[in-house]
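J.: Okay, handing you the structure first.
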Amino acid sequence: MLLAGVGFLLPYNSFITDVDYLHHKYPGTSIVFDMSLTYILVALAAVLLNNALVERLSLHTRITAGYLLALGPLLFISICDVWLQLFSRDQAYAINLAAVGTVALGCTVQQSSFYGYTGMLPKRYTQGVMTGESTAGVMASLSRILTKLLLPDERASTLIFFLVSAGLELLCFLLHLLVRRSRFVLYHTARPRDSRPGRRAGYRVHHDVAAGDVHFEHQGPGLVNGGSPKDSPAHEVTGGGAYTRFDMPQPRVTRSWPSFQALLLHRYAVARAIWADMLSIAVTYFITLCLFPGLESEVRHCVLGEWLPILIMAVFNLSDFVGKILAALPVDWRGPHLLACSCLRVAFIPLFILCVYPSGAPTLRHPAWPCVFSLLMGVSSGYFGSVPMILAAGKVSPKQRELAGNTMTVSYMTGLTLGSAVAYCTYSLTRDTPSSCLHTSANFSLPSGL
């Protein structure tokens, strides 16, 4: 599950962490802001689509399609754009945005499906996926720092960086194919689906993960159709109790999709139970996306040059990873209290603005300021972004946990979308005044002394 979280955020992190290459190839453009906004808009549409299709397409189909859509653009950009350089500057700009959009579609379908998937498993597996999201950022940051330090040629280091990401994505996909066949996963994912029409009769095992309650019951095909077990030709009764025979022909059941009204009522019932968690995760990621990666990528320093945004992103990814590990601590959060703490993070927005404004001579110009703010924002983002997702699955019945996971992802993506839109508006704060460090532009490759 940890590597599952890595798999659906590593492709996007690979695109935005390579900020030095993007600034060098597309100078004077808002490429990082454009990538962030493109990803979020496509991702929001994808998560809404996935939420609508959760009863129509199998979990494995959605996850497999997501992996393939995420892996393809990574390989395409690595070979055709970075290595062979087949496109002009304007063409490459548009193709990179299209690649990010395709990655957003695939990764968001994966992400939403995995949260529904882990909602059917014990709580710690949801935390594993969310920790994997931060691990993806840490891996991308460390990979970029190492390739940039070890390979002085920018084009070669970028190519290796993307190929390493593609290899890790493939590994995550192969491990998913292996794990989904394990007895543990089959047991937990089969239970919420036992009552679907068309299932063969037999013993049903109910295990309430939150309450620790386990009980068994028999259900023949007659129960599915609303009749008595005795109405089924496959049901027999002995002195010791009832059992079901599987050698009898089963009645044919025509499967039909739920009505639109039934879908809405089902989602409304789930949302009523987890509304505070939905708002908490939306507010948390709204504030985070107002600042990361867009505004953080624009922080500059006369000595560190392009290394400063790379280091700031690395600090955020590492601290976000720590925050998601801390989410495992047994704290009894109430919904309103969790929402209030998530809202307090809004203080980071003016603090980061002071690190870039006025452009060229910001109020907080020392590089330690954005690093400290990024550290605190990362820890709080990881913690308050994980706790609501972990708690939500325990507030609904086992049959509703996949839908609850998907509904939480809709809230998560809504916060990301609004935050990304606000971040795009702040881009003007970083480009109004010429930088006072133009005379030190030769320090772009200075970090050999770090």
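Quick reminder: no glycine exception, Cβ is built from N, Cα and C everywhere.
The transmembrane segment annotation in TrEMBL covers 31-53, 65-87, 159-179, 274-295, 338-360, 372-393.
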J.: Return the stretch with the most CB pairs under 8 A relative to the transmembrane segment (159-179), choosing among 31-53, 65-87, 274-295, 338-360, 372-393.
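T.: Stretch with maximum Cβ contacts: 65-87.
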J.: Which stretch, 65-87, 274-295, 372-393, tops the Cβ pairs under 8 Å count with the transmembrane segment (31-53)?
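T.: Most Cβ pairs under 8 Å with the transmembrane segment (31-53) come from 274-295.
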J.: Given a Cβ distance threshold of under 8 angstroms, which distant residues of the chain, six or more beyond its ends, lie next to the transmembrane segment (372-393)?
T.: 115, 118-119, 123, 126-127, 130-131, 134, 274, 276-278, 280-281, 284-285, 287-288, 291-292, 296, 312-313, 315-327, 331, 333, 338, 341-342, 345, 348, 351-352, 355, 401, 404-405, 407-408, 412
